[in-house]
Each structure stands twice: as structure tokens, then as C-alpha cells.
Amino acid sequence: MSSPLASLSKTRKVPLESESVNPGRRGIRVYGNEDEVDMWNDGQDSEEKISLPSCYGGIGAPVSRQGPHDSELMASMTRKLQELEQQLQAQNDEMLSKERKILDLEDLVQTLQQHQNNAALQRQEELETQCIQLQRQIGEMERFLSDYGLQWVGEPMDQENSEEKTVSENDERDWMKAKKFWKPGDSFVPPEVDFDKLMASLQDLSELVEGEAQVTPVPGGARFRTLEPIPLKVYRNGIMMFDGPFRPFYDPSTQRCLRDILDGFFPSELQRLYPDGVPFKVSDLRNQIYPEDGLGQFPGEGRVVGRQKMRKVTDRVEETSGSRMTAEQFLNRLPKCIIRQGEVIDIRGPIRDTLQNCCPMPARIQEIIVETPALASERQRSQESPDMPMPLLSMLRIKSENGEQAFLLMMWPEDTIGDVRKLLAQARDMDSAAFEILSTFPPTVYQDDTVTLQAAGLVPNATLLLRTRRALLSNPISRPGSLP
């Protein structure tokens, strides 16, 4: 049985019009629209046959049999076309909806990409700013370390990587707090202490501030108080400052303290209490070992297996003597000199001479007051108008090369190093180019005669040293830590 489409593909042969069949009726149109087909179907009430030529044979058939079949076929095709048109319209609507959704998604993606780009640029700018800030801080810290002759070393990268591998992920945050930062004690090893150099450095530091007075606040004002030496005991295995506790050499804080002293500086741990330095009263006990367990020596005789007796330990730690004031401590409590009506009156000298006969005294340092323009002006001011406030002055105490003499100079802050050198040369009756003026805290050699005392940091008072000129240096004022 053939399909309706197959029947449509067949060419229908229309018979020729014959005037003899029905001359008064128009010829039948086989193909037309649905209205024509319906009109054609309505007019087929009677079984009317179309006469065909004899050449078609038996193909000719009554119109009443062929008409309904073509009408159903056309109606079916019409319905299918309508369904296809509806499907096509629905698909077109769906495509338009999807296109609109795609456009919306593209706009959203573009907006997100732009936001991400802006966030990335902002983060990049923040990181660059932070990097510049950290680089500036690192530069400042490196310059600070170089001022003291130090250099940052750090840790090897392989060591840091090995430490990071051994730490678990759960303890990573704790490790960041405990191990990420450098600890000064981790870089120090127990040193071999040079006791002779340590004693010499302590003596130099004590001589530098010997007899200095410190401003102490009192009710209603302030007064000068002579610094008392700090008791310092040096044992074979550590030191003891003040009244304890004992500090072994392997302790990081002790190593830092010894390093400061050996480098010619006062310990940094004493800077808050004594910003200008403090003398030390050193007890050399290098031949004794301090018991680190805090227990004293066994008082009786010890016994071991195989021996009857064990000799008593002889290197006992000496007991702390009572706090008895010596004559030198008593003199240090007194002011060195006072100014009355323009005259500098020595206070310690007569009392020292009185005490010299009754108790042994160390060798006295001869103090020489150098006549300066500032001293003469201050003497005149105190006589003419004693009620006027005292102007800003610089009190210099300069020790000679052998330490037996100390020159006291009252200078203006505007005076220069050259003025000090000329006054010292006149007082000593020698050439000004034969000696150098230096300070040990910080180590500085003053060679530029044009530098003022204010610029050199020698106001309001300072303690300096003299030494024989060794060689001419290229820099006028050496940086701290460069003292030859």
C-alpha cells in the first residue's frame, strides 16, 4: 500500500476537454486551495463520470471515488504543516530566550572579570606598598646596625626549610609564633672569656665615669648625686652583678653583657637606670667556681669508694662582706666642687687630705681647672647679677694620657673642638697637634676642629680622654665603633 506522499508524487493526468461530454460546464481543476476543493466536493452529489480518451484505458474513474481521498490528504498535510509551524515558532521563542540568557551571562562574566581585575590590581598595589615599607624598615635597621659595627647574618635557607618540614600542619601556627622570629640567644655559643681583656675594659669604663654626678629628683627640685660603683664579681664560670643572681657565661643575656663590655660599651641592660654610664667595683674571682645549683659546699669531709678520706675543697666561694662604706665611697657622695661668688671651691680635696692620714686611699687624680672665657663670664655674672638664671654651659672633664690628671673646662655650646684643643695645649704647655681628644662611649675621635660642642654631643657635660696622636685619619669624626 502506497503512502499519501507517494501518491502525491505521481503525476495526475487530466483528460482533455471534450465539448461533446458537457459543453456547458467548465473543466474541473484538480489542484487548488482548500476552498476550491471544498466547493468541488460539495458539487459532487451525483455520481458523474468524466469521459477520458480511449488511450488512458481503464484509468479513468468516477470523481466520487478520487475526491475524498485527496481531501483527507490535503487536510492531513495542512495539520502537519500547522504543527510544524507551531514547533518552529516554539523553537524560535526558545532560541530567543536562550540568546537573551547568554547575553545576560556574558554581561555577568564581564562584570566579574572586571571586578577580579580591579581586586587583583588593588592587591598588587597593597603588596607593592607593603614591600616598599618593609624594604625601608630593613634599610633603617641595617644602617642602625652598621652604626654600631654590626651586620645582619640571618639563618641559612636550608635550615629554615628543614625546620618547616619537621613541623606538622596542626602546629604550624604555634611554630610561626615560637620559631619564626630570630632569638639572640640562638646565635651565641658559650665563649672563651678573656679575663684580662674583660678586666681592662671594666677599668676603662669605670675611669670614664669616675666621679660623675647624676641628677636625682628630690621633693621641691633636684640635686646632683654621685654614682656609686656597681659591685661585679667575675667567677670562672660566670658573673654576679649587684647582689645576684649568678649569671653563667652560657646564658644569652650574660653573653650580650660581656660583648658590650668587651666592645667598649656599658651594658645595654643598665642603660635605663644609668643612661650616662656607671662605674664598676670589680672582684676578680676567676680562680673560683660558683656553684650553679645554689647550694653551698659540703662542710665536712667527703668519702668515696676505695678511699678513706677526701681532702676538703679549698677553693671556696668567698662570702659576701657587709655593706661597709669606704673612704672613697664617702668622697664620691660629696660634690667635686661648687661655685660661690664666681670662685670654684674644691670640696673633695680637703676632705681627702683629712682622711688620708687615718685610712689608706687610692692614688688621687689631680684635677686642674682651666681658665676659659665661659668660666670668666660666669664668674662675672655671679658677682654682678647672681639672681639671673645660669645659661647653658658645657662642663668637660678631660683625663690626661696617663690618667693622673683631669682637666676641668667650662665652655659655651658654640665653642669648637679647636678651642678646647688650644686651651688644653696652653694648660699643658705643649703643642696642640701632639695629642688627640677622644671619648669611649661611644668610641669617637674628635679631629675636626671646626665642629662645635653642641654638634658633637658634648653638652651639657662629657668625660673625654687624651692620647698621643698616632696617625691622621681621613674622617674628621670617626663613627661609633671605629675607634682605632
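Each residue, glycine too, has its Cβ placed from N, Cα and C.
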Of the residue ranges 1-28, 281-308, the one that Swiss-Prot records as region 'Disordered': 1-28
Candidate annotated in Swiss-Prot as phosphoserine, out of SER64, SER97, SER187, SER478: SER478
Residue counts (helix, strand, coil, in that order) that DSSP gives for the domain 'UBX' (389-466): 15 helix, 31 strand, 32 coil
